[in-house]
Amino acid sequence: MEIQEIVSNQKAFFKTQQTKNIKFRKMYLEKLRDIVIKNEDLLYEAIHKDFGKSRFDTFTTELSFVLNDIDYYLKNVSSFSKPKRVTTNLSNQIGKSSIHPEPLGCVLVIGAWNYPYQLSLSPMIAALAAGNCCILKPSEIAENTMKVMAQLINENFPPEYLYVYEGGIDETTALLQLKFDKIFFTGSTKVGKIVYKAAAEHLTPVVLELGGKSPAIVTKDADLEVAAKRIVWGKFLNAGQTCVAPDYLLVEESIHEQFLEMLRKQITEFQYGPDAEQYTRIINRRNFDRLVKLIDKDQLYFGGNSDERKLYIEPTLLNNVNWEDEVMQEEIFGPLLPVISFNSFNLVLNTILDLEKPLAAYLFTRNSEEKDAFTAKLSFGGGCINDVIMHLGNDRLPFGGVGNSGIGNYHGKFGFEAFSHQKSVLEKATWGEPSIKYPPYSEKKLNWIRKLL
Ligand code: NAD
């Protein structure tokens, strides 16, 4: 069946109102949970083939998120979907006011390859929980995970409700010509603009989960042991191919040398060798070549080795980096960590303020003035003080970018809201009609109205 036909079947199916039924939504969420649990090995195998990701990382950073999301929405879908009464203002008396969350219709989710399960399935789960029909287009770059998601979902779900469409740029370009009720895109800022333009043709609302260069600042007041451990973990998780990984480090001059040494030691302790189970490969040759080119041998503090047959790049620390260097121009999205030193905390905040708003920002310090200034002054999607990445794991926090790093957010109730319309309804009593609002007008009526409004 052609994709146009599947989309129009989804639109027709949505009109039957079946997806608005809470039991229907729960039945399919439970089904999805069973499918993920039963096929865990298949899911591990596919992602390992794509870029050598371990079972441990796949569970902690992908499947556990997916399973938690399903459970979260199973628990909350009824209360989230209920109409909510709000107070009615004086001029609308006698009446009652309520907000009715309603699904949008047929939505499109476009996923990225770096966390292929989580970034495709989590928004899709939120879309289904909110009562929509959904087309999922995972990233073709992680080909095996795309295929396994397509197989498992298309064999078990009616296509007029949920369908995984496999394809690359050509297929996505064609898909974007069609009219959807929402497009949820995860990927680069460059492609985000293409999606936004295509969506504008149909006035389709979007969520754009994009990238950017996320800074991590370490001041002399930080617990340096903890900072080194958490930064090394967060930077080299998934071999640096994480949208919220600390892209570069800003370290206070007085602790610069000491901290670099601690980072080096921590990398060694984590044992990220070329055959290590805990270290992921670079996704493809194109990205491998791009990253290797960014390693300036004169700035090498640690690492720098690579093996193109294994698509392995060693965790690499670059020292004495300048803002003008090539590695500081684009999001790195790989295991290279440039380090820049600073003298003034306030000046470094000002420098970040002059750049595009990042998806994440991190600060390591025990100084409360620094914490307050960081939170109050900088604008970023989300971040942590004294940790990296972990804000993502709290579904009470909305996850999304700002400015160049994205539009909109999701996770937890925010995901449900991203795929819902909040319909306002005012119900009036048919008695107690105040005649002063109706023509013919008079000064006396206006005076009364002035008092009332
Ligand atoms: P990408 O933008 O190349 O691809 C994302 C999706 O867009 C894929 O499904 C792909 O098939 C499709 N696509 C690619 N080119 C297209 C085109 N010309 N027209 C239409 N569709 C097209 O991104 P990627 O390489 O998969 O992911 C890396 C980027 O994504 C990084 O910038 C990273 O920071 C960002 N990212 C952001 C988040 C987040 O949650 N904010 C998460 C992961 C990755």
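Quick reminder: no glycine exception, Cβ is built from N, Cα and C everywhere.
All annotation found in TrEMBL is predicted automatically rather than curated by experts.
Going by TrEMBL, these are the annotated features:
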| type | residues | note |
| --- | --- | --- |
| ACT_SITE | Glu209 | active site |
| ACT_SITE | Cys243 | active site |
| DOMAIN | 2-425 | domain 'Aldehyde dehydrogenase' |
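Take the CB of Glu209 (active site) and look out to 10 A: across all protein chains shown you find 26 other CB atoms. Long-range Cβ neighbours of Cys243 (active site) (same chain, at least 6 residues apart, Cβ-Cβ under 8 Å): Ala112, Asn114, Thr186, Glu209, Leu210, Gly211, Leu359, Ala360. Looking just at the domain 'Aldehyde dehydrogenase' (2-425), the mean pLDDT is 97. In three-state terms derived from DSSP, Glu209 (active site) belongs to an extended strand segment.
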